[in-house]
Structure formats: C-alpha cells, structure tokens
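> According to TrEMBL, the protein carries these features:
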type	residues	note
ACT_SITE	Glu162	active site
BINDING	Cys118, His161, His165	Fe cation binding site
Amino acid sequence: MSKFHSNYIITMKDIVREGDPILHQATKEVSLPPSEEDKETLISMMNFLKNSQDSNLAKKYNLRPGVGLSANQIGLNKRMFTAFLTDEKGKEHEYAMINPKIISHSVSMIYLPQGEGCLSVDRDIKGFVPRYERIKVKGFNLTGEEVLLKLSGYSSIVVQHEIDHLDGIMFYDRMNKENPFQLPDNIKSLY
C-alpha cells in the first residue's frame, strides 16, 4: 500500500531528486480501471501542487512552487501525472492523467524565455527548451474514462514536460548541448 493516500501531505522530502535512476527510465502503464490507491495518489499529487502555490502553505511545509508532478518524481514507476497551472491568459487549468500519450502535435514550436525548472532539479539550469506549440494528448482520468486534451501555449509546455518525465527525459535533455540558448529555426517565445 502506498503512503500517498489522499490525506497524505506530500512535501519536498518526498520528491525524488536528479540522479535517481527512476527519473531516467520510462514508467510502466497503469492498469485500468485505476485502483483506489492510484486515484488517492493522484489526489495527493494534485494537493501538493495546490499547496505549493499557496504562499502560506508553501512556507509552512517548506514547499517549492510547482505546476506539474509526475508519479516517478515521488518514486512510483507509474505512468501518471498531475498539473495545476494558470496559463498566459490568466485561466486556471487542472489535469490528472493516467497513461497519457501525445497523439499529435503542431509543427510550430515555442519556448519559455525564462527557461524551465523542475521540482526534481535543485540547481538553476539556464537555457531554452523547445516545445510544440500545440499538442493533443489521449489518456484516462481518475474514473478511468478516456479523455482527449487539446492544449496550446503554457499548458502544452507543462504537459510535455510531465510526459517527458514519464518517458525518462529531463527538461535539460531537450536543450542544445553546445549552446543552451541556441534555438531551432521557426520557433517563437511564449511571451
């Protein structure tokens, strides 16, 4: 039985850090319909993201703010993630997905001008991470129903970052190794 039941408060001590092998391997698909344990884990992961964005709770529990969290970031080899974010238009989005897969993407690319960060990475890594501007993601929600998300902009960037985690890819693996600030042609800044 996992300790990550819905009332468990995930803190930074639960976050697996860079260098742990689980972050560099593809995660295993989750059996459907999802078990109560998997549902509770996703709820706990979402609560962490919400708590981390609440300045009072973040201070109380010493949390770093996060917008996405994948199961392998808390040591679980399961293909599921949560995201809680406010997009570039000020709209709030909440996603909890099981067995997500990008089924299509735009040709156009974007990047965050300030770069990306990660709860599993304690150091500041400077550079740009090219991402697809728009993606379609198929997966399953907490009740095991199939869902299709059509994402663009910041939401697309965050979900690609989380799906990369589930595939054993860190954000800096997507950066240009010779020059982290070099970008491919025909890419634009999100802001």
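Keep in mind that glycine also has a Cβ here, set from the backbone N, Cα and C atoms.
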> Within 10 Å of the Cβ of His161 (Fe cation binding site), how many other Cβ atoms can be counted across all chains shown?
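Around His161 (Fe cation binding site), other Cβ atoms within 10 Å: 24.
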> For the recorded Fe cation site formed by Cys118, His161, His165, name the remaining residues of the chain with Cβ within 8 Å of the site's Cβ center, in chain order.
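My list of surrounding residues reads Gly68, Ser70, Gln73, Glu116, Leu119, Ser120, Glu162, Asp164, Met170, Phe171.
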> Which residues of the same chain, at least 6 positions away in sequence, have a Cβ lying under 8 Å from the Cβ of His165 (Fe cation binding site)?
Leu23, Ser70, Asn72, Gln73, Phe81, Ser120
> I want to verify one value. Collapsing DSSP to three states, which class is Glu162 (active site)?
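DSSP assigns Glu162 (active site) to helix.
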